[in-house]
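Engineer: Right, I'll just put the structure down here and ask away after.
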Amino acid sequence: MEKKDVTEHNYLKKKLRVCVATCNRADYSKLAPIMCGIKSHPDDFELEVMVLGSHLIDDYGNTFRLIEQDGFEIGSKLHTIVRGEDEAAMVESVGLALVKLPDVLQRLHPDILVVHGDRFDALALATAAALMNIRILHVEGGEVSGTIDDSIRHAISKLAHYHACCTPRAEQYLIAMCEDHSRILLAGCPSYDKLLSTYHKDNYMDVIKSWLGDTVQKHDYIVALQHPVTTDIQHSIKIYGLMLDALLSFNKKTLILFPNIDAGSKEMVRVMRKKGIEQHPNFRAVKHIPFEQFIQLVCHAGCMIGNSSCGVREAGAFGTAVVNLGTRQTGRETGENVIHVRDADTHNKIYHALELQFGKRYPCGKIYGDGNAVTRILKFLRTIDLDEPLQKTFCFPPVKDSFSQDIDHILETQSALAVDLGGTNLRVAIVCMKGKILKKYTQPNPKTFEDRMQLILKMCFEAMWEAVRLNCRILGVGVSTGGRVNPQEGVVLHSTKLIQEWSTIDLRTPISDAMHLPVWVDNDGNCAALAEKKFGHGKGVENFVTIITGTGIGGGIIHHSELVHGSTFCAAELGHIMVSLEGPECSCGSRGCIEAYASGMALQREAKRLHDEDLLKVEGMDMKLSEPVTAAHLITAASLGNPKADAILNKACTALGVGIINILHIVNPSLVILSGVLASYYQNPVQHIVHGRALLSAQSIKVVTSDLEDPALLGAASMVLDYTTRRTY
């Protein structure tokens, strides 16, 4: 490009004039990261900040000062709240805002107005901007929460020209509302960008003590935040009183925030004062807490209670236990950390929920974001063509298939990180929803617990970076490991001799804390069964058994489409089914187990014995002196006519076949799937033994070999890809 062309190009490139309007402390926590992103790119954007609503009211902390402290210049302050805190005052506030907004918007003349969420102030902003032909970007549209907020949120979505939503479900709902799919960005929640990077600061105890006193410890206090439900004000006031009674009885230090400015808040404050909460030694009642301090308080709380969206959204990122009261968040997507008390009609019911939740820690969840929302939103803003027609177009049914899109309209693949802890190697893979392994890493498995955990995290972080390059959205981490596992707690109870220092090990917590992702852990045999259920021969089969024939013998049982774990998590220890009372010693300490006859280790042991007696090698068998003796040599020798090797393999096939017949007679599956390095060798002999020795009703059951590339990794991934998190109390 010549110098003249470059100059002309730079001249033609117009900065996008973006006005961000914030109405209260809650929406500012979501908008502040976007404002920071816009401000940090002065060549692309020109930022204008408009403040209105409860930011400018003393009773709610004059929180506009926080915006100024954050380094933002406020271009316009609009006093738009009519006091009264009832339904009529809310309507009058919308009207007052509509009277004042036209002059401000004409003066600022933004290219884009960014509005957030579902507040009545935001409805006034969107209405004014739409009527004045100003493009609107709506953040957090498409969500459902079960109150008048739903109607306001969806009304703003219909007025908005562009959407930055937080979850795939919200994206689906916007499409179902006939919004143009090409103008919907699945970004994640902007507040996650800040909270995931700042919540675990070293000074968190200073923050806790500054708000709750020097004697309070982490995980030993409660954060309470309850707002009015404007569609049923009297009932929400009643629930508020019951919550306060339950907290008084529970007798724990409690940080309680004043309710927002919605109709009914004045009555709620009266209830608080009537019960003496502000003077009670167990309570600290406050109007506002800076966001960075608030997220640390939520992160390290023993429990959060109330009906704030923070409980069902941000608290899940920390694994903080939450008791959600009433109907204000009905329909919100929640993690397993939330217990819902929908009909909070008694103080005892709320107290019992606190007993169940207080002090619990849950896996970190990322339902609402992965820390990259602002980057996506800025890319989205850069692609907006101001020369495009302003008039919205709606996409009426039939609805286009929903895909999670990056701004470049490249499919952002929903994927899992899969970890396989083997006796020899440690493997980590990125696995997509269709079961394709997109990237795999392999390292020798360290001998000590500390080195092993360090390597797991290192390899997971490497895979996460690669996932960004591959345009994959990682939903969680699945771990497959040898030994007995409690999948409910993510703990390896005790492992095989192949993995040393691996008993009573909590795998979930350190990985979840480091990666900010939910983590699932299960035995490698169970994982192989899950892999077959989702991706292999077991797809659509209600009852089947998977048997791994490798270094050891393991497996998993699927019964009525569910994985069988057993009361002490040792179901499907198929390698330790005894087929002889006087058989060879097994690694478990018993005798005559299938594994003692048919595993790779057992065959290798027998091959070495024959080799030491000079009875292994036969004519036509190529075997170097320095080469270690393996099970493969035994199989080769048998195929070349070695009678000793053939007798050993016949005994191994018989042991495995008899063990499988026992399984058929106990759980009666419709299919047996063999996987592992020895599967293809065992298939035909085992099928023959089943046909000859099983009960007539079980003789026709098929024995097949797995077609899967890597069952352990795919099974670990399937735990993530199939998991659902909704819980109702």
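For all residues, glycine too, the Cβ spot is worked out from N, Cα and C.
Since this is a predicted model, take the numbers as computed values, not measurements.
Feature annotation from TrEMBL assigns domain 'UDP-N-acetylglucosamine 2-epimerase' to 43-381. Marked as N-acyl-D-mannosamine binding site by TrEMBL: Arg484, Thr496, Asp524, Glu573, His576, Glu595. Taken from TrEMBL, the feature active site applies to Asp524. Residues or ranges marked as Zn(2+) binding site by TrEMBL: His576, Cys586, Cys588, Cys593.
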Engineer: Measuring Cα to Cα, how many angstrom lie between Glu573 (N-acyl-D-mannosamine binding site) and Cys586 (Zn(2+) binding site)?
Structural biologist: 13
Engineer: Given the binding-site residues Cys586, Cys588, Cys593, state which is nearest to His576 (N-acyl-D-mannosamine binding site) when distance is taken between Cα atoms.
Structural biologist: Cys593
Engineer: Can you name the residues of this chain that are 6 or more positions from Asp524 (N-acyl-D-mannosamine binding site) yet have a C-beta less than 8 Å from its C-beta?
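Structural biologist: Non-local contacts for Asp524 (N-acyl-D-mannosamine binding site): Asp420, Leu421, Gly422, Ser480, Thr481, Gly482, Ile548, Gly554, Ala712, Gly715.
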Engineer: Name the one residue among Cys586, Cys588, Cys593 whose Cα is closest in three-dimensional space to that of Arg484 (N-acyl-D-mannosamine binding site); these are the binding-site residues.
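Structural biologist: It is Cys588, whose Cα lies nearest.
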Engineer: Could you state the CA-to-CA distance between Cys586 (Zn(2+) binding site) and Glu595 (N-acyl-D-mannosamine binding site) to the nearest Å?
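Structural biologist: Rounded to a whole number, the Cα-Cα distance is 7 Å.
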Engineer: Inside 8 A of the center formed by the CB atoms of His576, Cys586, Cys588, Cys593, which other residues of the chain have their CB, for the recorded Zn(2+) site?
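Structural biologist: Close Cβ neighbours, site residues excluded: Glu573, Gly575, Met578, Ser587, Gly589, Ser590, Ile594, Glu595, Ala596.
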Engineer: So for Cys588 (Zn(2+) binding site), how many other CB atoms are inside 10 Å of its CB?
Structural biologist: 15
Engineer: Cβ distance under 8 Å to Glu595 (N-acyl-D-mannosamine binding site), same chain, sequence separation 6 or more: which residues?
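Structural biologist: Correct list: Gly552, Ile553, Gly575, His576, Cys586, Ser587, Cys588, Met601, Ala602.
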Engineer: Which residue among the binding-site residues Cys586, Cys593 has the fewest other Cβ atoms within 10 Å of its Cβ, if you could check?
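Structural biologist: With the binding-site residues Cys586, Cys593, fewest surrounding Cβ atoms within 10 Å: Cys586.
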